[in-house]
Amino acid sequence: MSATTAETPRLRPTRALILRGLLLAGLLILALLPLLNRLPPDHALHASDFIVSVSGKWMCYAMLALAIDLAWGYAGILSLGHGAFFALGGYAIGMHLMRLIGPRGVYGHPVLPDFMVFLGWTELPWYWWGFQFFPFALLMALAVPGLLAGLLGWLAFRSRITGVYLSIITQAMTYALMLAFFRNDMGFGGNNGFTDFKELLGMKLNTAGARAALFYAALLSLSGAVLLCRHLTRSKLGRVLVAVRDAESRVRFLGYSTVSVKLSVFVLSAMLAGLGGALYVPLVGIINPGEFSPGNSIEAVIWVAVGGRGTLVGALLGAFSVNAVKTWLTSFAPDLWLFALGGLFVAVTLFLPRGLIGLMRKGEER
Amino acid sequence: MRVLCLVMALFLLLAAPLRAQDRFETLAAGLSGGFGAQVETVERLGALGDARALPLLQALGEGRLQKRADGTLLLEQDGTVVEAVAGTPAAPGETVRINNRVRAALRGALGRLQLVAPQEGARLQAADGLFRSRSADNIPLLEQALAREAAPLVRARMELALAASRLVAADEAARRQGIEILSGSGSAEARSLLLEARAANPALAAPIDAAIAAIDARLQIRQAAETVFQGLSLGSILLLAALGLAITFGVMGIINMAHGEMVMLGAYTTVMVQEGFRGVPWLAPWSLPVSVPAAFLVTAAVGVALERGLIRHLYGRPLETLLMTFGVGMILQQAVRLLFGAQNREVVSPAWMQGTLALPGDITVTQNRLWIILFALVVLGLAVAAIRFTRFGLEMRAVVQNRRIAATMGIRTGRVDAMTFAFGSGIAGMAGVALSQVDNVSPNLGTGYIIDSFMVVVFGGVGSLAGTMIGAFTLGIVNKLLEPWAGAVLAKIAVLVGIMLFIQRRPKGLFALKGRAAEQ
């Protein structure tokens, strides 16, 4: 790794306080949103359904950003395939939701989802077993991305594949998964993926109550994830991580097993992404192979870069701000959005290597 | 019988335009008679095997044959009327009418006469027709035609048709002969014929089985050859797409995620050149050859702008370069989408690139794929030559090996960087010209190739053009070998996974750089 990314973010107390205040205020506003949604529409503080659903989505994105930040900002592992972990988590919950549809599908088959009936399948494939139980599906939403990351990371870190090579391999991974999930005979709904979900944990999905519940679930998970990452990055492991990022061979010579350090953080990061995806799918009501596209993963990386990698607040800030701009811009000038996103890539890497958080720190050091 | 035929044919060919003309003329006169006489005449003309009867019979079938009151036949062609035999202009007469019996006779006679038609294509078609509608009656006809036939391709088809007809002959010796000839062919049609014959001839089971086995062996070889060709074709496309990357990424170490967009720009340059040339008829066939340098210049210019304007500031920060160039790629893609529209643009292949080429052993290859393989190799050769033998190549290698020493020797390293990047980008543009022939030209043309290209470069060994070539062809062939039993998508996935595992064993690729340069 180059020396330009060398230091751990250390903010001056006052600024750290401001940031923490902002973070808390943000969380508070988010927590109030579903309640504000209940206010009459003409009330000044009324939050529209759109705002609520969009911010629910953004919280899932923020978890993905957090996951990328943990791997990239702290451990120096730039994964261009985190969207795959996100999508795998989503698919795991999607499978549960599909099983819950039961006989209410178009074809009315008691067990098989519609697309399987359509393909003429008569039996549930073995990898769909157990997904009728929510805890199992949730476990899979964490375990599958974790295992995949573990396997990939073990192979890569063991043979000391780092930097750009690792990025390209992770990109190839998500690309391969996208191709695979597009196939009908994989048993994951092919092109169309999963949609038309009915209920989750006994709640009808298209009711206001279910939406609020899912929203709070996302908020709680995000807060939990932030706390976990905060704890992790401040622990001894976190310091080793940063050391690995900045001078891996030196850490190795000091007697640390850099492979296991990197592997554990990579797996944890993948599981976080998977959790984000698992929350995302019931919120948006659809999952399809497009989520695996390499473009999605790299877009998520740019959230972190915009916010400021190597700081947890930065990842959250980036995910929310970039997506806010995206939502705003695509609503009136969809053609411009890709220019803006491309320009963001260029501008951030050239002028804001530490992202928006870096701006706040300007003049503080050096 | 055969000798007799030969003698007859020789006789017909050499000495006897006169005599044949006599017979042909006397026979042809019968066409103006009643329906019964017409049927007889048509059959006789068919058996006579004189190619001059062909236009006559065709005209009869299409209602273009006329007769004068004295019975002289007239031929109407494109509104003018000539005397059928003499060919001199004449006044129109009465149209010769036919009935269904005559039509049926015409069909048979025309099929036989096509065998001696002056056009090679017609004879080929006739032979194939007889191959399908095999019957023992055709044997003498085919033998006759074979004796005259000179074109090797038509001969081969006629022999096949003859063998197929012999298979259903009453004479067992003839059937054996047929089996023997069919076993020498490698076509799936012959195989199914033999299978059919096997059920009908239990006595001949042994030779037929042997013949089928021989055909299977040939079919397998052909299939293997075609798979290898497809693999080479895919490999050449991968090579073209990856070659530019092998220079920018492999030699300079710049991660250019906009490389795919350079390819796309090259393809759109081809579209532009083609549109520009459309109005000028004598220029139009040259649009593709002109596109090659044009695409090189366009993408090289974009490359210089990109390197000098942006990438230069990020040297030594590969991950940032990766993200930045990805953004550039996005902008280029969107710009092209807004300028040209999101739909596919069509690039017409020039005539000399269309069609298929038949190689010995019934292997057919499409011409444009063949040209692309050649083109890829030529571009590779040029790239290697430019790096090896030119001043620019020397400076480039010097800068790559040791930038500071090179600078102290008076090499303007910044300029060399820009030139090298432009060179790699230009090659990507030329790849775009080739890809426009086999893929849809759309704004996201490049995204499909970028990951594959990186895989090729990483697999072949970063910094080695020979490695890139071998990597590209290996991946292409492996992909095509896997395809028949895994499907296109799974084959691709298997290749990706295979490369990931391969990198485990040889992190530096097939052809790793050794020595000091490898340490950096």
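Every residue, even glycine, has its Cβ placed from backbone N, Cα and C.
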Message: Looking at A:50-68, A:164-182, I want to know which stretch TrEMBL calls transmembrane segment.
response: A:164-182
Field: Cβ contacts the transmembrane segment (A:253-280)/the transmembrane segment (A:300-324), at least three under 8 Å, sequence gap 6 or more
entry: no
- prompt: What parts of the chain pack near the transmembrane segment (A:213-232), using Cβ distances under 8 Å and only residues at least 6 beyond its ends?
  reply: 23, 27, 30-31, 33-34, 52, 55-56, 59-60, 62-63, 66, 69-70, 200, 203, 238, 265, 268, 272, 275-276, 279, 282-283, 312, 316
Message: Let me spell it out: take the transmembrane segment (A:74-94), skip the flanking residues so only those 6+ beyond its ends count, and list any with a Cβ under 8 Å from a Cβ in it.
response: 1, 5, 64, 67-68, 131, 137-138, 140-142, 144-145, 148-149, 162-163, 166-168, 170-174, 177-178, 181, 188, 193-194, 197, 233, 238, 241-242, 244-246, 248, 261-262, 265-266, 269-271, 273-282, 287, 289, 291-294, 296-298, 300-301, 310
